[in-house]
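Participant: Below are the features I grabbed from Swiss-Prot:
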type	residues	note
BINDING	GLY365, PRO366, PRO367, GLY368, THR369, GLY370, LYS371, THR372	ATP binding site
COMPBIAS	290-301	compositional bias 'Acidic residues'
REGION	284-303	region 'Disordered'
Amino acid sequence: MGSDTLAAPPHGAPRVDRDVVSRFATCCRALGLTVNDRQRPADLTAARAGFAGLTHLAHDQCDAWIGLAAAGEVTPAVVDAVWRTVASAGVLQREIGLAAGELGFTYDTGWYLQFRATEPDDFQLAYAARLYEAGEFGEADGLVGEILARRPGWFDARWLQVAINHRAQRWSDVVRLLTPVVTLPSLDDVTSHAVRTALGISLARLGMFAPAMSYLEDPAGPIEVAAVDGALAKALTLRAQGEDDEATEVLQDLFATHPENTQVEQALLDTSFGLVTTTSARIEARSDPWDPETEPSEAEFVDPGAKDRKAHLLLEAEAELAEFIGLEEVKFQVARLKSSVAMAIRRQERGLAVAQRTNHLVFAGPPGTGKTTIARVVAKIYCGLGLLKKETVREVHRADLIGQHIGETEAKTNAIIDSALDGVLFLDEAYALVSTGAKNDFGLVAIDTLLARMENDRDRLVVIVAGYRKDLDAFLDTNEGLRSRFTRSIDFPSYTAPELVEIAVRMAEKRDSVFEKAAHDDMERLFTHLAQATTPDANGVERRSLDIAGNARFVRNLVERSEEEREYRLDHSDQEDFTDEEMMTITAGDVQRSAAPLLRGLGLSVPA
């Protein structure tokens, strides 16, 4: 608190009416305060009546209004009067010898926390809280901002600004204000709980689900309403991430303890109930900064920086594609795809006829040949060209879509698709949806749901299915609607042995490692053996051993395991110090000792 906030009036100030002072002293004793070494048990009813009468007699005395608020009358009218008469704050308190801070009241900030007001800056915050509750956001924010300019480190003022921005749904400003203080060790348990919950909710409302979960993972705490809000936000964040089972579990636990909460009940009954997200750019685009209703929708919003970002995405996609080793035909097909989409958009802009083409894709090839990475490249191309709003790729498998009971599969599939809208849905090992062959397989329900959404959300969803060519052909034959929607296909060949060696060398270079010449030769022999050998997969289908190993995925595992072998070898040598070259070099022995356990773990033969 500022030491001069209740300073004595200048010399020569008019004396206060003694009857007013006497009545004030009596009222303060009714609050239980010590006045002139006399104290009596608090009687708030008497205090409230006494201070109410005193405010009629001395309506220009701030201390009378402070006393009325201290007695429990923290109404908008009383808070307004405290602020209106703030210039006289402390006059009556000094007359009866009250110590600074003894007389005060507690006000609600409007979001989890309550603060005590005993001095003019406190009263200014209390008045600001009253203003924003009445919808006067601009004036309230100005009052708080004036205090923060003088006292930038004062948490009470910062929190009031947080509460104002929360009420106006300015989530990016809440994040900006709370991020610097969330880890402060000076926060008590109550304040820390409020800050963590508020920050988690605000991040979630901005669609930043991963960082939001770092604050919402354990929503429990001393503030009951914050614990409920945090748990609900956690559940809806999990739902937005496609983790429906976990979300339902949180909601069920929450409903068990708070069955009166209608939002929790609605979220349980309706799986489409979720977070309404926005962006900081859309918030800043409001015609009235404090009115969420003036914020442009996602469809209406024109981002002034979008053109530059789209150009950057196209450059990123081109650079990532160029980095790939091998895959020349894949690169060519992706380049053709980009040209096809780009020219279709240009023709449409000029009013020329554009043939109806599907943008959904089939990626056919064995594991580890870059299908997922190329899917991300395609997403950036589609977004950079304006076909999609996001470059996100939602990768899913059968287990993410299939439920155990009637109705569950449709709900799970719809939730996954909702999370992928405006981006790419990447369905890996798509044939697994129908691989059981059973007529009552819920995978067929997932396919029907997917087809319906591909039609209904055709402008907001691109689907890429991936897997082995024969498996994908069988998948596309399970429903007549699939073939017509997946007319574009890119084949991903297995890598050659020299390409895999080059991949290993490049991976090692990025990790400050280098293979000796003998290790190069050993890897090429190993990869050649795997490319020539065949092994039955889990379904009994003969596959190249290299495809079962996972192509580039196996290479990554081999590089990482070889580095571990190098570290172990050096650590158990008689040397006490090593050169940089020794610490970087992976030997043939390191590779050999790494390859054998990796192959055995995959059920593959170890070459002699």
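Even glycines carry a Cβ here, placed using N, Cα and C.
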Participant: What is the set of residues, excluding GLY365, PRO366, PRO367, GLY368, THR369, GLY370, LYS371, THR372, whose C-beta falls within 8 angstroms of the centroid of the C-beta atoms at the ATP site?
Facilitator: PHE363, ALA466, PHE492, ASN551, ALA552, ARG553
Participant: What residue among the binding-site residues PRO366, THR369, THR372 has the most other CB atoms lying within 10 A of its CB?
Facilitator: THR369
Participant: So for LYS371 (ATP binding site), how many other CB atoms are inside 10 Å of its CB?
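Facilitator: Step by step: centre on the Cβ of LYS371 (ATP binding site), count other Cβ atoms within 10 Å, giving 22.
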Participant: Within its own chain, what residues at least 6 apart in sequence put their Cβ under 8 Å from the Cβ of GLY370 (ATP binding site), listed in sequence order?
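Facilitator: Spatial neighbours, sequence-distant, of GLY370 (ATP binding site): PHE324, LEU327, VAL330, PHE492, ALA552.
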Participant: When you measure from the Cβ of GLY368 (ATP binding site), which residues in the chain that are at least 6 apart have a Cβ under 8 Å away?
Facilitator: TYR495, ASP547, ALA549, GLY550, ASN551, ALA552, ARG553, PHE554, VAL555
Participant: How many neighbouring Cβ atoms, not counting its own, are there within 10 Å of the Cβ of PRO367 (ATP binding site)?
Facilitator: 23
Participant: Cβ distance under 8 Å to GLY365 (ATP binding site), same chain, sequence separation 6 or more: which residues?
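Facilitator: Result: LYS371, ALA466, TYR468, ARG469, ASP491, PHE492, PRO493, SER494.
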Participant: For the region 'Disordered' (284-303), what are the DSSP-based totals of helix, strand and coil residues?
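Facilitator: Residue counts in helix, strand and coil order: 4 helix, 0 strand, 16 coil.
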Participant: Reduce the DSSP letter at THR372 (ATP binding site) to three states and note it down.
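Facilitator: Reduced to three states, the DSSP call for THR372 (ATP binding site) is helix.
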